[in-house]
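Asker: Okay, handing you the structure first.
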Protein chains: 4
Amino acid sequence: MDILLGDREYFKGVGQIKYEGPETDNPLAFRWYDENRVVGGKTMKEHLRFAVAYWHTFCGSGLDPFGGQTLFYPWDEKSDPVARAKDKADAAFEFITKIGAPYYCFHDLDVVDYADDVRENEGRIKTLTDYLKQKQADSGAKLLWGTANLFSHHRYMNGASTNPDFAVATHAGAQIKMALDATIALGGENYVFWGGREGYMTLLNTDMKREQEHFAQMLKLAVAYARQNGFQGKFFIEPKPCEPTKHQYDYDAATVIGFLRQHDLLDDFSLNLEVNHATLAGHTFQHELQVAADAGLLGSIDANRGDYQNGWDTDQFPNDLMEWTQAMLIILDAGGLAGGGINFDAKRRRNSTDVEDIFHAHIGGMDVVARALLVADKIIQNGEYHKIRKDRYASFDGGKGAAFEKGDLSLEDLFQLAAENGEPATTSGRQEYLENLINKFI
Amino acid sequence: MDILLGDREYFKGVGQIKYEGPETDNPLAFRWYDENRVVGGKTMKEHLRFAVAYWHTFCGSGLDPFGGQTLFYPWDEKSDPVARAKDKADAAFEFITKIGAPYYCFHDLDVVDYADDVRENEGRIKTLTDYLKQKQADSGAKLLWGTANLFSHHRYMNGASTNPDFAVATHAGAQIKMALDATIALGGENYVFWGGREGYMTLLNTDMKREQEHFAQMLKLAVAYARQNGFQGKFFIEPKPCEPTKHQYDYDAATVIGFLRQHDLLDDFSLNLEVNHATLAGHTFQHELQVAADAGLLGSIDANRGDYQNGWDTDQFPNDLMEWTQAMLIILDAGGLAGGGINFDAKRRRNSTDVEDIFHAHIGGMDVVARALLVADKIIQNGEYHKIRKDRYASFDGGKGAAFEKGDLSLEDLFQLAAENGEPATTSGRQEYLENLINKFI
Amino acid sequence: MDILLGDREYFKGVGQIKYEGPETDNPLAFRWYDENRVVGGKTMKEHLRFAVAYWHTFCGSGLDPFGGQTLFYPWDEKSDPVARAKDKADAAFEFITKIGAPYYCFHDLDVVDYADDVRENEGRIKTLTDYLKQKQADSGAKLLWGTANLFSHHRYMNGASTNPDFAVATHAGAQIKMALDATIALGGENYVFWGGREGYMTLLNTDMKREQEHFAQMLKLAVAYARQNGFQGKFFIEPKPCEPTKHQYDYDAATVIGFLRQHDLLDDFSLNLEVNHATLAGHTFQHELQVAADAGLLGSIDANRGDYQNGWDTDQFPNDLMEWTQAMLIILDAGGLAGGGINFDAKRRRNSTDVEDIFHAHIGGMDVVARALLVADKIIQNGEYHKIRKDRYASFDGGKGAAFEKGDLSLEDLFQLAAENGEPATTSGRQEYLENLINKFI
Amino acid sequence: MDILLGDREYFKGVGQIKYEGPETDNPLAFRWYDENRVVGGKTMKEHLRFAVAYWHTFCGSGLDPFGGQTLFYPWDEKSDPVARAKDKADAAFEFITKIGAPYYCFHDLDVVDYADDVRENEGRIKTLTDYLKQKQADSGAKLLWGTANLFSHHRYMNGASTNPDFAVATHAGAQIKMALDATIALGGENYVFWGGREGYMTLLNTDMKREQEHFAQMLKLAVAYARQNGFQGKFFIEPKPCEPTKHQYDYDAATVIGFLRQHDLLDDFSLNLEVNHATLAGHTFQHELQVAADAGLLGSIDANRGDYQNGWDTDQFPNDLMEWTQAMLIILDAGGLAGGGINFDAKRRRNSTDVEDIFHAHIGGMDVVARALLVADKIIQNGEYHKIRKDRYASFDGGKGAAFEKGDLSLEDLFQLAAENGEPATTSGRQEYLENLINKFI
Ligand SMILES: [Co+2]
Ligand SMILES: [Co+2]
Ligand SMILES: [Co+2]
Ligand SMILES: [Co+2]
Ligand SMILES: [Co+2]
Ligand SMILES: [Co+2]
Ligand SMILES: [Co+2]
Ligand SMILES: [Co+2]
C-alpha cells in the first residue's frame with residue numbers, strides 16, 4: 001500500500017509505518033505487526049483485517065461531559081460541508097495508507113455533515129461516496145463496514161428505530177437506506193447496527209416490548225432493502241449495555257442472540273463485539289467472544305479497552321497482552337472472524353494532542369493484537385492447553401455420558417447410576433496451572 | 001391460620017402477627033399487610049402469595065466468608081439427622097403460622113441433611129416429606145416450590161448438571177429426582193432451578209457450549225420425569241449473574257429466556273426473579289420483571305434487596321417502598337405472577353441474633369411489599385400513569401405507523417415519508433413529571 | 001418573594017409555585033415544601049436553604065458523549081456575550097423567583113462566556129456582577145456560593161491548579177481571583193472548589209505528590225486573597241472520585257479531610273457533598289454526610305441522585321424519600337449545614353424538553369427533601385431511634401469502658417478483664433428493627 | 001534453604017522448587033524468580049521478600065458463601081488442638097522451604113485454634129510460639145509479620161476494637177496482646193492490623209465517630225505495649241473498603257493515612273496494601289502504592305488479584321505482568337518496601353484440589369512478580385520513562401513556577417502573569433506513547 005495524499009499532507013513528519021521488530025527504538029514503527037508474516041497458515045493481515053475508525057480518528061473533538069474541544073483538525077476548517085468532507089477523506093486516506101490498515105469503517109455522519117433535509121443529505125452522501133470510491137481505488141484500502149449514526153441528532157433523543165414517535169422512526173429508516181446505499185456502492189463488506197439510543201431513560205415512560213418489536217421490524221426492512229440491492233455481506237449488531245441510555249436493548253451478546261433468534265434474524269446477522277462494551281456489561285471480552293463463537297455468530301470486533309475504575313465507555317486503545325492473548329485463542333478456535341475484522345473503535349485521550357499521538361495510539365493497538373496472535377498461536381502449537389480442556393470432558397465422549405448427551409438416559413437412569421457408583425472422585429479444575437501455562441507463552 | 005406447634009415452642013414470647021394498621025406502635029404487628037383486604041378485585045393474600053424460605057429462616061448460620069456461625073438454633077441440636085430435621089420442621093411451621101404466610105419453599109438439604117449415600121438420602125427425604133405433609137394438613141400452609149441444592153456439596157465444585165465429569169451430573173440428576181418426588185408429594189405448585197455452580201470459574205478450562213447443552217438436557221429430563229409423575233406446576237429458572245461462580249450461565253432474564261427459546265423449553269419454564277440478582281446483573285429489579293413479563297414468563301419472585309455499595313448477594317429483607325411500587329406496577333400490568341408467589345429469599349443480618357429479629361425482618365418485608373401494592377393500585381386507579389405511556393406511542397396506533405408495525409412499509413417508504421414530512425417535532429419524555437407522579441402516591 | 005421579570009417573560013404559562021399540600025392534583029404546586037412551616041424550631045426555608053444551580057438550569061444544553069444539543073434557550077440567542085448573559089440573568093431570576101428558592105449558585109462561566117483574554121473577561125464578569133447585584137436587590141434572592149469553572153476550557157485538559165505547566169496554573173489563579181471578586185461583591189456566603197481536572201488520566205505521566213502540593217498552595221493563595229478582601233464565608237471542597245479524570249484528588253469526604261488536615265486548611269474549609277459523587281465513590285450519601293459531620297465539616301450539599309446501573313454522574317433530581325430521610329437525620333443531628341444550603345446540582349434529562357419540565361424537576365426535588373425533613377423530625381420527636389443507638393454504647397459511659405476511652409487502661413488491663421470476665425454476651429445489632437422504625441415514619 | 005520436614009512429608013512428590021529459566025517445560029520450576037539474581041544492586045530475594053500466608057495456604061478450607069469445604073488436609077486431622085497445630089506447622093515449614101520463600105505471616109488463629117478461654121489460649125499460643133521458633137531456627141525462614149484474627153469469632157460480629165460493647169473490646173485487646181507476644185518472641189519484623197469487622201453493617205445503629213476513636217485508642221495501647229516489650233518493627237494497617245462489613249473504616253490508603261495523621265499515629269504505622277482491596281475500593285493497585293509512597297508510608301504488600309467482574313475479595317494469585325510492572329516502578333521509585341515484603345494473601349481456587357495446585361499457584365505468583373521486577377528495572381535503566389515525567393513539570397523547577405511552589409507569589413501575581421502571558425501553549429499528555437513504552441519492555 002502506497003501513501004495516498006490529497007491536495008496537502010496533513011500528517012507531516014510521519015511517513016509510512018513499517019515493521020522493524022521487537023528490538024527497534026523507533027516509536028513510529030511496528031514491533032510486532034508484520035502484515036505478511038504467516039501465522040497458522042494465514043498472514044497477519046488476513047487474520048486481523050485491521051480497520052481505522054473514521055469517527056474517532058478523523059472526527060473526534062476531545063469533547064467530554066465536562067469539557068470542550070481539545071482536538072482541532074486542519075481538515076475541518078472549510079465552511080462548505082462537502083468541501084470539508086473531502087478534505088477529511090484526504091486526511092483519512094493519508095492516515096490509512098501511512099498506518100497500513102487494509103480497512104476503514106464509518107458512520108454516515110463521519111463522512112459528511114448532514115443538514116435537516118433528507119434530500120440534501122442524499123446528495124451529500126452520494127458525492128462523498130463517489131469521492132471515497134476513487135480513494136479506495138487509488139489506495140487499495142477497503143470498507144470493512146458502514147453504518148448510520150442514529151444517536152447524535154437531537155431528534156433521536158427518545159430513540160431512533162425505537163422512538164415512540166413514528167415520524168422519528170422514518171428518519172432512522174431514511175438514514176439507514178442512505179448508509180446502505182453508500183456501503184453497497186463502496187463494496188462495504190458488512191453493515192453494522194449500534195443502537196445507542198435504542199433503549200430507555202426510564203421504564204416509567206417506556207413500552208419496552210413494542211419498542212423492541214419496532215426495532216426488529218426496522219432490521220427486517222434493512223435486510224430486505226440491502227438484499228434487493230445486491231448486498232451480500234453480513235449485518236452486525238454491536239451490543240452495549242447502557243450509555244448514552246440508562247439501558248440499551250442490545251445489552252450483551254447473549255441478549256442480542258436471544259433477540260435475533262426470537263425475531264428469526266439469525267441468518268443475516270452476527271455480532272460486532274467491543275471490548276469496552278463487554279466490560280461495561282459485567283463480562284470479560286473473552287466471555288462475549290465465546291458466547292458469540294458458540295452460536296456461530298462471531299462476526300467482527302471493535303478493538304479498544306475500558307478502564308475498570310471508570311464506569312463509562314472510555315474507548316482507550318488496546319494495550320493488554322494478556323487480555324488479547326485469551327481473546328485470540330477464542331478467535332482462532334472459532335476459525336477466525338466471520339466476515340469482519342478488527343476495527344479500532346478507540347480514541348486517543350483528549351489531552352493527546354500531538355499529531356504523532358494518533359500514530360502511537362494505533363501502533364500500540366496493532367502491535368498488542370499482533371503480538372497476542374503470535375502468543376496464541378504458540379499456545380495452540382504447544383497443544384497442552386486444548387488437550388487439558390478436551391480431556392476434562394472425556395466422560396461424555398463415550399459410555400453413559402455419551403448416552404446422556406444423545407438423550408438416551410432418563411432422570412431415573414441418572415438416579416440409578418449415582419446410587420450404584422457412589423460418591424465421585426474429586427477432580428481439580430487446575431485454574432492456576434492453566435493461568436501459568438498462558439503466562440509461559442507471553 | 002392457627003399457630004401450629006410441635007413438641008415445644010421455639011419462638012416463645014411471640015404470638016401470631018396481626019394487622020394493626022399504620023398507626024400501631026407494636027413492632028410485632030403488620031402496619032400494611034392485611035391479608036383479607038381487597039385490592040383491585042383480589043385479596044392481598046391472593047396477590048402476594050408470600051412464602052417463607054426454609055434455608056435462610058431456619059437453616060441460616062450467620063457464616064460469612066470471614067466469620068463463623070452466629071446463629072444457633074434450638075431445633076438444630078439433636079445428633080440424629082432425621083430427628084433434627086423434624087424439630088426444624090416443627091420450628092418452621094410454628095414460624096410460618098405465627099407470621100401468617102400462606103406458603104413456604106425449600107431445597108432438599110434444607111429439609112434434612114444428606115449423607116453421601118443416595119439410597120440413604122432417598123429414605124430421609126421421604127420420611128420428612130411425610131412429616132411435612134402432615135404439617136401442611138394441620139396448618140393449611142402450602143409449598144410454593146421445591147428445589148434441589150446442587151451447589152453446597154464439594155462434589156459440585158466444578159458444576160452440577162454442567163460438571164465436566166458425568167459422574168457428578170448423575171448425582172445432580174439423582175437429587176433433582178428426589179426433590180421432584182418430594183415436591184410432587186407435597187403438592188408443591190412449582191419447581192425451581194437456581195444454578196449456583198452452573199457456570200465457570202475460568203474460561204480457560206471450560207467448554208461453555210457443551211456445558212450449556214448438558215444443562216438443557218438435564219432440564220428436559222426433569223420435565224419429562226415430573227410430567228410422567230403427575231406434576232402440573234411450572235418450572236422456574238432463577239437468574240443470577242455470578243457468585244459463587246465467576247460467571248453463571250443463567251445470567252439475567254434476557255439470557256435465560258434466550259436459552260429457553262434456543263432449547264425449546266418455553267412451554268414448561270418461566271422465571272423466578274430475585275431483586276438482588278437483578279442488581280448484581282446491572283439491572284433494576286423492575287427491568288428484569290418487565291423483560292419476563294414481555295415474554296409472558298413472569299413466574300415468581302425472590303424478594304430481598306442488595307446493597308449497592310457491596311458487590312455480592314447480601315440478600316437483605318426488602319425495605320424500599322419506591323422500588324417495590326414500581327415493581328408492583330409491572331406485576332399488576334402483567335396480570336400478576338403466573339403460578340408463583342413472593343418468597344423471602346432474604347436473611348436477617350448475622351448480627352441480628354434475637355428471636356424477635358426473625359419476625360421484624362419478615363414483618364418489615366411483608367409490610368413494604370403490601371404497602372407498595374396499595375400505592376401501585378392507587379396509581380392505576382388514577383389512570384394518568386398508563387394514559388401518558390399509551391399516548392406516547394399513539395403514532396403507531398393508526399395510519400402509516402400502524403402500517404409499519406404490520407410490515408406493510410418498506411425502507412424506501414420510510415425514506416419517502418421522512419423526506420416529505422421534514423424534521424419531526426420535539427417531544428419531551430417527561431421523566432421528572434412521571435417520577436413526581438409516582439411519589440405523589442407514596 | 002415576588003416574581004422578577006426582565007424585558008420579557010421566559011417561562012410563560014407558569015406562575016409562582018405555591019404550597020398546596022399533599023392532596024393537590026396540581027403538578028405545578030408544592031405538596032410538601034411549605035417554606036414558612038416550622039419544623040424543630042426553624043422554618044423549612046431556614047433548614048433547607050434551597051439554591052438553584054445556574055449551570056444546569058440555565059446553561060445545560062443536553063449534550064452527552066453521544067449526542068448534541070437538545071435544549072435550546074430563548075435567553076441564549078444574542079450574539080454579544082454580555083447581552084446574552086444579561087438575558088440569561090433575567091431568565092434565571094424569573095425562574096428563581098417563580099420556584100421560590102432563596103439562593104442560587106454559579107460558576108464564572110455560567111454567568112458570562114469568557115474569551116481567551118484575561119482582561120476582557122475581567123470586564124465581562126464585573127459587568128455581570130453589577131447586573132446580578134441589582135437582580136438580587138430587586139428579588140431578595142441571595143448567592144449561596146460562587147466558583148470558577150476550571151475544567152471546561154481545553155487549556156485545563158491536563159489539570160488547572162495541578163497542571164504540570166505553571167502557565168496554565170496562572171490562568172486557574174486568574175479565574176479564581178475574578179470569581180472570588182464576583183462572589184464577594186455579590187455577598188456570596190461561600191466559595192466552592194470542585195476540581196474536575198485536578199487528578200490524572202494516567203499515573204504514568206503524573207507526579208501526584210507535586211500536583212497535590214500545588215493544589216494546596218493554590219487553596220492557600222485563594223484564602224489569603226479572599227480574607228484580605230473581606231470575605232468571611234466558608235470555602236468548600238466538593239469531593240468526587242473520578243470523571244472527567246480517571247482519578248480525581250478530592251476522591252471522597254475522608255480523602256479531602258485528610259488532605260485539608262495535612263495542609264493545615266481545616267479552619268477555612270469544609271465540605272460540599274454531592275449525592276451522586278458519594279455513590280460514584282462507593283459510599284452512600286449518608287456515609288459521606290456522617291464523615292463530614294464527625295469532623296465538624298458538614299458545610300453544604302449538592303442535591304441530586306445517581307443511577308446505580310450507570311457508572312457516571314447522571315446528576316438526576318432527587319426523588320428517593322428513604323435516602324433523604326436518612327440524610328436528614330444526620331444533618332439534623334449535626335445541627336444543620338454549617339454555612340451552606342441545598343443546591344440542586346441536578347439536571348433534567350436531555351429529553352425533558354418542555355418548559356414545564358424545569359419546574360417539575362425542581363418541585364419534585366424540593367418536595368422530596370422537605371418531606372424527608374418532616375419524616376426525620378418525627379423520628380427524632382419519637383426518640384426511640386436515638387435512644388437505641390445511645391444505649392448501644394452504654395458500656396463506655398462509665399466504669400472500665402469510660403476508663404478505656406480516657407486512656408486509663410493498658411493493653412494488659414484489657415487482657416486481664418477479658419480473662420476474668422469470660423465470653424461476652426451476644427447482643428443483636430437490631431438492623432431490621434431499625435429499618436422498620438424508619439419506614440414506620442415514612 | 002533446605003527442605004524442613006516434620007514427622008511425615010505432606011507434599012509428597014514435590015521437591016524443592018528451583019529456578020530453571022524462561023525456557024523450562026517443568027511446571028514445578030521458576031521461570032523468572034531467581035533469588036540470587038542481582039537487579040539494580042540487590043538480589044531478587046532482597047527486593048521481593050516473599051512471604052507465605054499461613055491462613056490461605058495451610059488453613060483454607062474452600063468454603064464459600066454457597067458451599068462447603070473442598071480442601072481437606074492431612075495436617076488437620078488430630079483432635080487435640082495443639083497436636084493438630086504442630087502438624088500444621090510441620091506442613092507449613094515443609095512448604096515454605098520447598099517453595100523457597102524467606103518469610104511467612106500468620107494470624108493467631110491460623111497457628112492454633114482458640115477456645116473461649118483466654119488463659120487456655122495464652123497457653124496454646126505460647127506452646128506454638130516455641131514450636132515455630134524452633135522451626136524458624138531449623139529452616140532459616142522468618143516471620144514477616146504477625147496479626148490477630150479479630151473477625152472470625154461470633155463475638156466480633158458487631159466489631160472488635162470498635163464493638164459497641166466494651167466487653168468485646170477487652171477480648172480484642174487480649175488477642176492483640178497475645179499476638180504481639182508471639183510476634184515479638186518469634187522476631188517478627190512487623191505487626192499488622194486488618195480490621196475486618198471495624199466498620200458498620202448499617203449507619204442506623206452506629207456511632208462512627210466514637211467507634212473510630214476507640215479504634216485509635218486500641219492502636220495506641222498496642223504500640224505502647226509492644227514498645228515496652230522491645231518490639232522495634234513497624235505496625236501496618238491494611239486498608240479494605242468493605243466485606244465482611246458494609247463499610248470498613250480503613251477504606252483505602254488515603255483514608256487510613258488521614259486517620260493516622262488525625263490520631264498522631266504516623267510515626268509507628270505504615271500501610272500494608274493489598275491488590276484486591278485496592279480494586280474493591282475503586283482504585284488501581286498502582287494508585288494505592290503511589291498514595292502510600294507519597295506519604296512515606298509504603299510498608300508492605302499483600303499480593304493477589306481480584307476479578308473485575310466479581311464484586312468481592314477473590315484473592316486470586318497474581319498473574320498480570322502489566323499490573324505488576326507498573327507496581328514495581330512505583331515500589332522501586334519509593335526505594336522499596338519499608339520494612340515489609342510481598343506476602344501472598346492469595347488462595348488457590350476451591351476447585352484446585354490437587355497438592356500440586358498449591359505449588360503452581362505460588363510459582364505463578366512469584367514468577368510474575370519477579371518478571372515485573374526485571375521489566376521495571378529495564379524501564380528504569382532506559383531512562384526515558386522518568387525523563388518524560390520529570391520534564392513535564394520543568395516549569396516549576398525555576399523562575400515563577402518555583403516561586404509559586406515556595407509560596408512567594410500571591411493570587412494577584414498569578415492573575416497578572418496570566419493576563420500578561422496570554423493563552424498557554426497546548427501540551428500533549430502523551431499517554432499512548434507512555435503506554436507503548438511500558439509494553440516495549442514487557
Ligand atoms: Co464500538
Ligand atoms: Co465503546
Ligand atoms: Co434467590
Ligand atoms: Co440472592
Ligand atoms: Co456538584
Ligand atoms: Co455530579
Ligand atoms: Co490482605
Ligand atoms: Co483480600
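In case you wondered, yes, glycine gets a Cβ from its N, Cα and C as well.
The active site feature in TrEMBL is assigned to A:H107, A:D110. The Mg(2+) 1 binding site annotation in TrEMBL covers A:E238, A:E274, A:D302, A:D345. According to TrEMBL, the Mg(2+) 2 binding site annotation covers A:E274, A:H277, A:D313, A:D315.
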Asker: Filter the recorded positions A:H107, A:D110, A:E238 down to the ones within 10 angstroms of A:D315 (Mg(2+) 2 binding site), Cα to Cα, kept in sequence order.
Answerer: none
Asker: Just to be sure I understand the packing, how many Cβ atoms besides its own are within 10 Å of the Cβ of A:D345 (Mg(2+) 1 binding site)?
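Answerer: For A:D345 (Mg(2+) 1 binding site), the count of other Cβ atoms within 10 Å is 23.
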Asker: Of all the binding-site residues given, A:E238, A:E274, which residue's CB has the most CB neighbours within 10 A?
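Answerer: Of A:E238, A:E274, the one with the most crowded Cβ is A:E274.
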Asker: As a test of the contact definition, list every same-chain residue at least 6 positions from A:D313 (Mg(2+) 2 binding site) whose Cβ is closer than 8 Å to its Cβ.
Answerer: A:K240, A:E243, A:N276, A:H277, A:L280, A:G306
Asker: Using a 10 Å cut-off, grab the number of neighbouring Cβ atoms around the Cβ of A:H277 (Mg(2+) 2 binding site), all chains included.
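Answerer: Taking every protein chain into account, the count is 30.
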Asker: Could you state the CA-to-CA distance between A:E238 (Mg(2+) 1 binding site) and A:H107 (active site) to the nearest Å?
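Answerer: The separation of the Cα atoms works out to 14 Å.
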Asker: In the same chain, which residues outside the set A:E274, A:H277, A:D313, A:D315 have their CB within 8 A of the centroid of the CB atoms that define the Mg(2+) 2 site?
Answerer: A:K240, A:V275, A:N276, A:L280, A:D302, A:N304, A:G306, A:T314, A:D345
Asker: Ten-angstrom check, please: count other Cβ atoms within 10 Å of the Cβ of A:H107 (active site), all chains counted.
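Answerer: So the number of other Cβ atoms within 10 Å of A:H107 (active site) is 21.
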Asker: Return the residues near A:D110 (active site) by Cβ distance under 8 Å, restricted to its own chain and a separation of at least 6 in sequence.
Answerer: A:Y54, A:W55, A:F58, A:C59, A:N149
Asker: Using other CB atoms within 10 angstroms as the count, which residue among the binding-site residues A:D302, A:D315 scores least?
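Answerer: Minimum Cβ neighbour count within 10 Å, taken over the binding-site residues A:D302, A:D315, occurs at A:D315.
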Asker: How many Å separate the Cα atoms of A:D345 (Mg(2+) 1 binding site) and A:H107 (active site)?
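Answerer: Rounded to a whole number, the Cα-Cα distance is 12 Å.
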Asker: If the criterion is a C-beta within less than 6 angstroms of any ligand 1 atom, which of the recorded positions A:H107, A:D110, A:E274, A:D313, A:D315 pass it? List them in sequence order.
Answerer: A:E274
Asker: Taking the recorded Mg(2+) 1 site as A:E238, A:E274, A:D302, A:D345, identify the other residues of that chain whose CB atom sits within 8 Å of the mean position of the site's CB atoms, giving them in sequence order.
Answerer: A:W194, A:K240, A:N272, A:L273, A:V275, A:N276, A:H277, A:I301, A:A303, A:N304, A:N343
Asker: Could you state the whole-number distance in Å separating the C-alpha atoms of A:E274 (Mg(2+) 1 binding site) and A:H107 (active site)?
Answerer: 16
Asker: What is the separation, in Å, between the Cα atoms of A:D302 (Mg(2+) 1 binding site) and A:H107 (active site)?
Answerer: 14
Asker: Can you see whether DSSP assigns A:H107 (active site) to helix, strand or coil?
Answerer: strand
Asker: Scan A:H107, A:D110, A:E238 for recorded positions whose C-beta lands under 6 Å from an atom of ligand 2 and note them, or write none.
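Answerer: Qualifying residues: none.
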